[in-house]
Amino acid sequence: MSVPEEEERLLPLTQRWPRASKFLLSGCAATVAELATFPLDLTKTRLQMQGEAALARLGDGARESAPYRGMVRTALGIIEEEGFLKLWQGVTPAIYRHVVYSGGRMVTYEHLREVVFGKSEDEHYPLWKSVIGGMMAGVIGQFLANPTDLVKVQMQMEGKRKLEGKPLRFRGVHHAFAKILAEGGIRGLWAGWVPNIQRAALVNMGDLTTYDTVKHYLVLNTPLEDNIMTHGLSSLCSGLVASILGTPADVIKSRIMNQPRDKQGRGLLYKSSTDCLIQAVQGEGFMSLYKGFLPSWLRMTPWSMVFWLTYEKIREMSGVSPF
């Protein structure tokens, strides 16, 4: 064995396989954040489906009056009518999704920042580069994770279907994957991918770009160091911006992914994300695009804090340089 090979074997795993290590660390941090904040995500999804105007086209009272009003009453209604643990319905595919999504977006963003775009000599990273990098990272990560996101959204609505007397569509996560694949083929697993990546581009422009920009601004221009205080302040900002930018696209995405489909996998309510946008605004008003904003913001902010604090800490513990 040559000397370089022997030296490489002695290096820590994080140095031998840096991208794979960052992918796994991102997935671990995202799993912690998802488990902690998932009930807010479920509440948000239920709110976004309430009073859906396009359901009137299906007839037979398909569009029902909203059973709950507001975030708190929606959450309490789920607990009273379905049980406390139903607040985590769909969490398994959500974790699957974030292992792929967060791993993909974080590795992509860092690669673009360090290798493709590059920082200036004074370690400054221009905002326009960060915006493009954040959007590209979101698109790539979300496209890879679309099948798991589709299953998550549909499973989150199963409890509501049961209360409405409708048959359940899935027995579990793996049955959901198998059924969607059988009914719509590979294409069916990527239903709603266009609004999904549109949302991911906006959310990551808010999350990754804001966190990276605020953090490095604080480190380079204030007495604050690269520590938990800086990470916390940066993540608070990123959670707010991500919610403002991402909620309208999230409403469109959720509706397209949850709509009934024909045998060819085509949606019965919306032809495209643009069609869904137009129907929502015309039938329910502009503010329908911000249905679920409060739980989205209340979820995104703690999610962002838990994720970034966990991610920075486990990078430090694993011997990986700070983000």
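For all residues, glycine too, the Cβ spot is worked out from N, Cα and C.
Annotation comment: Swiss-Prot describes 21-115 as repeat 'Solcar 1'. As annotated by Swiss-Prot, transmembrane segment applies to 23-40, 88-109, 127-144, 195-212, 229-248, 288-311. Residues annotated as repeat 'Solcar 2' in Swiss-Prot: 125-217. Swiss-Prot lists 226-317 with the feature repeat 'Solcar 3'.
Among residues of the same chain six or more beyond the transmembrane segment (288-311), those with a C-beta under 8 A of the stretch's C-beta atoms are 25-26, 28-30, 32-34, 36-37, 40-41, 43-45, 47-48, 50-51, 71, 102, 106, 207, 211, 228, 231-232, 234-236, 238-240, 242-243, 246-248, 250-252, 277, 280-281, 323. 88-109 is the stretch from 88-109, 127-144, 195-212, 229-248 with the greatest number of Cβ pairs below 8 Å to the transmembrane segment (23-40).
Taken through DSSP, the repeat 'Solcar 3' (226-317) splits into 73 helix, 2 strand, 17 coil. When the repeat 'Solcar 2' (125-217) is classified with DSSP, helix, strand and coil residues number 78 helix, 0 strand, 15 coil. The average pLDDT computed for the repeat 'Solcar 1' (21-115) is 82.
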